[in-house]
């Protein structure tokens, strides 16, 4: 699943390429990709003729403001890529990808395509005078953004203190820190020297501080490299992310640790894989 760096990469690409573009027409190829409104006719009626404004990221969600030609607010377009979703800015004449679910035609031979192999991704068209949180209910449950001032040592300590769950599982909880996923949780735990099985309640103040800083640094580095592509992720122009080749531990089971040379190990925690160095994270 695309995580914060991948979604942020897409967000920046959308701001660069779609801002000010008019959605002249649209085509829904898979109606169940529409979370709201579920009616294809209603979705098309709401989206035709509006203009893309600014895109923002909230956790792993993308929110694009929509405006009318008069400048009046026209709502929001929300997207969650889930496991395999892609938003691609392409020439309209380009052959259609087999898993294309939605096409937004923007004139000048350009279109924004939503491509999704496993069909878990969702699209929302939020009407004006309605907040995105009202329609996209998952937004209400999100924790703080890791780049915000709210992500402080005090906040993190409050969320981890007394918790009986292991830290890897806690980092994947979107109600604690929004946007973290399997890849960057492993990377941050390695960088902070914390073993993934450590219970939240057993983390010392210094470890919590180091982990918080590591989360921010790892995410910043991944964004600089355009995210990670291990299977399906691509930026809006179809370019793969480059973080994977420099990962500390994720996807490197059996390979030598880049710091100490010990073989990277993997274990299952809560149904998810955790990659770690048994020496650096002892």
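Using N, Cα and C of the backbone, Cβ positions are placed for all residues, glycine too.
If you check Swiss-Prot, you get these features:
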- 2: active site, schiff-base intermediate with DNA (ACT_SITE)
- 3: active site, proton donor (ACT_SITE)
- 60: active site, proton donor (ACT_SITE)
- 272: active site, proton donor (ACT_SITE)
- 99, 118, 163: DNA binding site (BINDING)
- 248-282: zinc finger (ZN_FING)
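Annotated features taken from Swiss-Prot, shown on the structure.
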residue: 2; record: active site, schiff-base intermediate with DNA; Cβ neighbours (10 Å): 29
residue: 3; record: active site, proton donor; Cβ neighbours (10 Å): 23
residue: 60; record: active site, proton donor; Cβ neighbours (10 Å): 23
residue: 99; record: DNA binding site; Cβ neighbours (10 Å): 18
residue: 118; record: DNA binding site; Cβ neighbours (10 Å): 11
residue: 163; record: DNA binding site; Cβ neighbours (10 Å): 17
residue: 272; record: active site, proton donor; Cβ neighbours (10 Å): 15
What does DSSP call residue 272 (active site, proton donor) in the simple three-state scheme?
strand
Can you figure out which of 2, 3, 60 (the active-site residues) comes closest in space to residue 118 (DNA binding site), comparing Cα atoms?
2
Residues of the zinc finger (248-282) by DSSP state, where helix covers H, G and I
0 helix, 12 strand, 23 coil
Using DSSP reduced to three states, classify residue 3 (active site, proton donor) as helix, strand or coil.
coil
Expressed in Å to no decimal places, the gap between the Cα atoms of residue 3 (active site, proton donor) and residue 60 (active site, proton donor) is 6
Nearest of the recorded positions (2, 99, 163) to residue 272 (active site, proton donor), judged by Cα-Cα distance:
2
